[in-house]
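Annotation comment: TrEMBL describes 1-19 as signal peptide. The feature region 'Disordered' is assigned by TrEMBL to 24-61. If you look up TrEMBL, you'll see 43-56 marked as compositional bias 'Polar residues'. Residues or ranges marked as Zn(2+) binding site in TrEMBL: 100, 375, 379, 416, 417, 496. The Mg(2+) binding site feature in TrEMBL is assigned to 100, 206, 208, 370. The active site, phosphoserine intermediate annotation in TrEMBL covers 144.
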């Protein structure tokens with residue numbers, strides 16, 4: 001009996017000590033009935049000040065304590081919805097934003113990153129919202145290439161492929177291209193006489209932007225060296241970069257902005273920042289683009305922010321901007337480095353420039369924009385970077401909406417797929433979304449509000465000596481942009497999630513996007529509203545002209561008869 005008592009006292013002392021040593025803003029959860037580094041690399045050291053938690057912030061307005069506040073809010077929202085008529089116009093212009101990996105939990109956490117759970121990102125003010133299913137033909141959880149094909153070309157296909165029918169297996173070098181390849185939204189826009197453009201913060205040859213112009217049996221065939229590695233003949237299999245510069249519909253892009261210079265340059269050529277290309281065939285595709293577009297109109301190639309912002313868009317027909325050898329830098333990296341911020345534009349700046357150039361076409365335009373680094377950050381379990389990139393995309397969307405009219409410009413915002421990051425626990429209002437959330441009532445160790453189901457950060461979540469025991473994660477510095485967040489399964493990169501993703505819409509016929517449907521429905525909704533693709537009828541314009549001419553003729557005839 002005495003031994004048992006001593007054991008109980010000892011256990012109590014340990015628990016109290018842990019409670020003193022580990023602090024979180026909540027002071028512990030109250031019982032409520034609801035039960036780019038190697039894996040062994042050290043994290044940047046953190047100091048005591050960065051680990052200490054700030055005083056608890058209330059996190060909400062005093063009016064939220066009043067029942068009437070919520071009743072009034074609900075009634076106001078209802079009144080706004082009842083007073084909002086449908087916009088039944090057809091769209092002259094379309095701007096289609098994809099936040100790569102922008103899951104619903106990413107959006108919710110970004111609201112808190114910007115200061116409060118009750119905040120809204122710019123696109124959350126859009127009038128209509130729908131939800132789409134993201135699976136591939138042969139995978140429950142998709143990747144960015146099969147999803148890009150779905151929401152840009154209207155066909156669901158196999159994992160890891162771009163714009164090739166699901167009947168063709170991945171890595172197939174040769175097949176009947178006439179029977180299996182297809183093109184989508186931006187080609188339909190060009191055929192209707194509209195201008196087109198693509199923007200990304202990743203490589204311009206990466207899976208998502210490639211969905212706008214390329215067909216490939218492997219999304220990683222971005223240059224000829226990668227085609228060779230797959231034991232295919234580069235003379236018979238065009239890599240993605242080659243299609244960007246040589247394919248007829250890709251030549252007609254008026255705007256191409258992003259990273260990825262390396263895939264367009266040979267290995268013996270250094271880019272403007274002294275980095276070698278990846279190509280083995282000796283082709284300099286940037287020079288090829290310049291030569292091609294000199295004969296097509298007024299063209300310009302830029303490689304840094306200063307050059308981009310100095311482009312005279314009123315006198316430019318074709319613009320190619322490549323701002324990095326690989327992916328572009330994260331926004332927070334630019335903020336930390338004045339030289340980097342001078343060299344690389346933001347997503348908002350690229351979007352603004354593109355709209356200024358494209359809007360010259362009286363027949364309209366279709367612009368595709370990817371916030372691609374949300375996904376890149378999630379794969380590394382860099383939650384802070386993922387949320388900040390989401391906030392940056394919201395800025396670009398806000399600018400696009402302000403530069404255009406809801407009467408004639410359709411803006412669609414969605415994601416290709418989700419990620420495994422969860423927004424969890426029971427943190428109090430005002431708690432730092434990127435900090436500690438609470439203490440486990442099982443192992444008495446703290447955990448973060450944001451965590452991942454899998455990823456490389458498994459090795460910083462559990463102790464190296466005993467992988468059944470969690471690390472004390474309060475020792476990490478969560479103010480660092482590249483601090484990894486907790487993960488439960490070891491993988492060299494965190495995976496995508498199989499969740500449905502939202503579609504936010506503003507502009508003509510936005511109500512057509514309501515409901516839950518397959519992801520490949522999106523381009524058909526867009527093409528109907530913009531009257532392109534299957535819904536384009538070039539006789540409409542000539543018919544309207546004939547009616548106008550007939551009306552004028554009749555009017556003149558009546559006027560003459562009246563005078564008589």
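Counting starts with 1 at the first residue shown.
Each Cβ is built from the backbone N, Cα and C atoms, and glycine gets one as well.
Whatever TrEMBL says is automated annotation, not expert-curated.
These numbers come from a predicted model, not from an experiment.
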Within 10 angstroms of residue 417 (Zn(2+) binding site), Cα basis - recorded positions out of 144, 206, 208, 370: 144
Long-range Cβ environment of residue 496 (Zn(2+) binding site), under 8 Å and at least 6 residues apart: 101, 141, 142, 143, 417, 418, 419, 420
Nearest of the recorded positions (100, 144, 379, 416) to residue 370 (Mg(2+) binding site), judged by Cα-Cα distance: 100
Set of same-chain residues at least 6 away whose C-beta sits under 8 angstroms from residue 206 (Mg(2+) binding site): 144, 200, 222, 260, 327, 372
Cβ-centroid neighbourhood (8 Å) of the Zn(2+) site, 100, 375, 379, 416, 417, 496 excluded: 101, 143, 144, 374, 378, 415, 418, 419
Cα distance (Å, whole number) from residue 208 (Mg(2+) binding site) to residue 416 (Zn(2+) binding site): 8
Candidates 100, 375, 379 (binding-site residues) - the one closest to residue 208 (Mg(2+) binding site) by CA: 100
Binding-site residues listed as 379, 417, least Cβ neighbours within 10 Å: 379
